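Trainee: My questions will all concern the structure given below.
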Amino acid sequence: MASKTYQAGVKEYRQTYWQPDYVPLDTDILACFKITPQAGVDREEAAAAVAAESSTGTWTTVWTDLLTDMDYYKGRAYRIEDVPGDDACFYAFIAYPIDLFEEGSVVNVFTSLVGNVFGFKAIRALRLEDVRFPIAYVKTCGGPPSGIQVERDKMNKYGRPLLGCTIKPKLGLSAKNYGRAVYECLRGSLDFTKDDENINSQPFMRWRDRFEFVQEATLKAEAETGERKGHYLNVTAPTPEEMYKRAEFAKEIGAPIIMHDYLAGGLCANAGLANWCRNNGMLLHVHRAMHAVLDRNPHHGIHFRVLTKILRLSGGDHLHTGTVVGKLEGDRASTLGWIDLLRESFVPEDRSRGIFFDQDWGSMPGAFAVASGGIHVWHMPALVAIFGDDSVLQFGGGTLGHPWGNAAGAHANRVALEACVQARNEGRQIEKEGREILTAAAQHSPELKIAMETWKEIKFEFDTVDKLDIAHK
């Protein structure tokens with residue numbers, strides 16, 4: 001460094017940050033951005049600008065560059081690829097040295113990778129498509145507080161997806177009536193019920209009252225059914241201090257699981273709550289409220305597969321992932337990709353599912369994928385086929401909308417689930433034979449028969465906005 005001299009002025013980013021001959025290190029954090037440059041900005045300069053602005057660069061040369069080893073700390077744009085079917089944008093692959101980031105801090109990673117660079121004038125639109133976290137960084141993060149196997153052991157539930165229900169209406173119920181709805185659903189054979197993400201501590205139902213009535217309902221349902229039950233008590237709060245106060249009370253009354261809105265509540269709060277859950281033996285259900293603001297635009301924002309990885313690192317035992325078949329956004333190939341990123345120990349690069357890098361999670365536990373949003377009994381065969389056993393199938397209106405009430409809706413879901421699991425275990429093609437499987441099960445379950453009649457015409461056949469780029473070919 002002593003031989004370097006300072007030359008004031010502005011130089012092209014590509015002179016420093018575009019290195020097509022660079023071979024990424026095993027310890028580098030790798031990112032794939034989809035870049036739409038402004039007119040007149042060529043690809044190499046745009047990619048280098050993103051590398052610079054998301055790492056060590058600024059708009060002009062500064063003399064303090066000479067006080068450190070810029071060649072070591074800088075981000076490097078090392079590859080550019082075409083986006084299938086879209087000539088206006090391109091993929092840029094950027095490598096960042098691991099020492100740019102605080103250990104175990106996904107907050108710090110996001111501050112750089114999706115920070116000010118997203119407002120850079122030379123870039124018309126920018127999207128973070130994927131990130132490869134090296135195992136050296138993964139091991140500094142806490143990850144899920146319990147993980148899939150520990151949760152199964154705690155809840156004594158094996159060999160099938162778990163069944164849940166979000167209590168509706170999402171807002172307006174009193175605590176006592178809310179607890180009644182929880183009891184009916186759990187008594188009807190569900191494993192879990194859930195606070196809607198909108199429920200915190202509003203005037204119509206304060207959090208402490210809700211917690212008490214819900215836990216009473218849970219214990220009563222457990223006593224009557226002989227099964228372990230739980231309700232996701234949402235501890236998301238205006239401040240971290242209040243969040244921990246609510247979490248402590250949930251533990252005090254014997255609740256097995258709490259809930260947090262990890263994007264609306266903040267990644268820092270989520271990581272802290274995950275650590276608290278790990279230390280206190282609590283399960284943590286995570287909702288993704290606000291995600292579509294970040295991930296739905298196919299040209300600007302953060303892809304949900306990145307948000308999935310960030311959640312697994314930050315900590316959560318469940319994460320909502322979409323359904324493929326329900327009312328919320330998410331195509332099948334992409335959804336299967338981020339489900340694997342949530343649950344598996346190693347996920348190889350697979351462009352057909354939108355996965356740009358190998359991802360090694362080492363010994364970090366996986367988390368349950370939660371399917372929720374506009375699902376009902378007719379979706380059960382597809383849900384079991386798509387999500388497999390390590391999932392939570394979270395119905396709302398598909399339970400509470402049953403003409404005979406909540407318990408009947410819950411019972412219909414449980415019968416449909418067990419029929420599909422049994423058929424799958426017998427080697428049947430449950431997606432193709434779903435109608436026959438459900439019809440046969442309904443012969444012994446009037447609750448299922450009525451549910452099938454009620455929702456036989458309900459479909460959500462809208463095209464996906466955020467498709468895999470390969471689908472545009």
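Cβ coordinates come from backbone N, Cα and C, glycine included.
Annotation comment: Swiss-Prot describes LYS168, HIS287 as active site, proton acceptor. According to Swiss-Prot, the feature substrate binding site maps to ASN116, THR166, LYS170, ARG288, HIS320, SER372. Under the heading Mg(2+) binding site, Swiss-Prot lists LYS194, ASP196, GLU197. Annotated N6-carboxylysine per Swiss-Prot: LYS194, in sequence order. Taken from Swiss-Prot, the feature site 'Transition state stabilizer' applies to LYS327.
Describe each of these features in terms of where it is and what it packs against.
Mentor: Note on LYS168 (active site, proton acceptor): other Cβ atoms within 10 Å of its Cβ, all shown chains, come to 16.
Secondary structure at HIS287 (active site, proton acceptor), as computed by DSSP, is strand. Its Cβ placed at the centre, HIS287 (active site, proton acceptor) has 28 other Cβ atoms within 10 Å.
Residues near ARG288 (substrate binding site) in space but far in sequence (CB under 8 A, at least 6 apart, same chain), listed by position: ASP261, TYR262, LEU263, PHE304, LEU307, LEU311, LEU319, HIS320.
The Cβ of ASP196 (Mg(2+) binding site) lies under 8 Å from the Cβ of THR166, ILE167, LYS168, LYS170, LEU171, ASN234, each of these being in the same chain and 6 or more residues away along the sequence.
The DSSP secondary structure for LYS194 (Mg(2+) binding site) is strand. Packing around LYS194 (Mg(2+) binding site) is summarised by its Cβ count: 29 other Cβ atoms lie within 10 angstroms of its Cβ, all protein chains included.
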Trainee: Nearest to HIS287 (active site, proton acceptor) by Cα distance: which of the binding-site residues ASN116, LYS194, GLU197, SER372 is it?
Mentor: GLU197
Trainee: Report, in whole Å, the straight Cα-to-Cα distance of SER372 (substrate binding site) from GLU197 (Mg(2+) binding site).
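Mentor: With distance taken Cα to Cα, SER372 (substrate binding site) is 12 Å from GLU197 (Mg(2+) binding site).
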Trainee: So how far apart do the substrate binders ASN116, THR166, LYS170, ARG288, HIS320, SER372 get, largest Cα to Cα in Å?
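Mentor: Farthest Cα pair among residues binding substrate: 37 Å.
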Trainee: Long-range neighbours only, meaning 6 or more apart in sequence with Cβ under 8 Å: which ones does ASN116 (substrate binding site) have?
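Mentor: In sequence order, the residues whose Cβ lies under 8 Å from that of ASN116 (substrate binding site) (at least 6 apart) are GLU53.
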Trainee: How many Å separate the Cα atoms of SER372 (substrate binding site) and LYS194 (Mg(2+) binding site)?
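Mentor: Roughly 11 Å, rounded to the nearest whole number.
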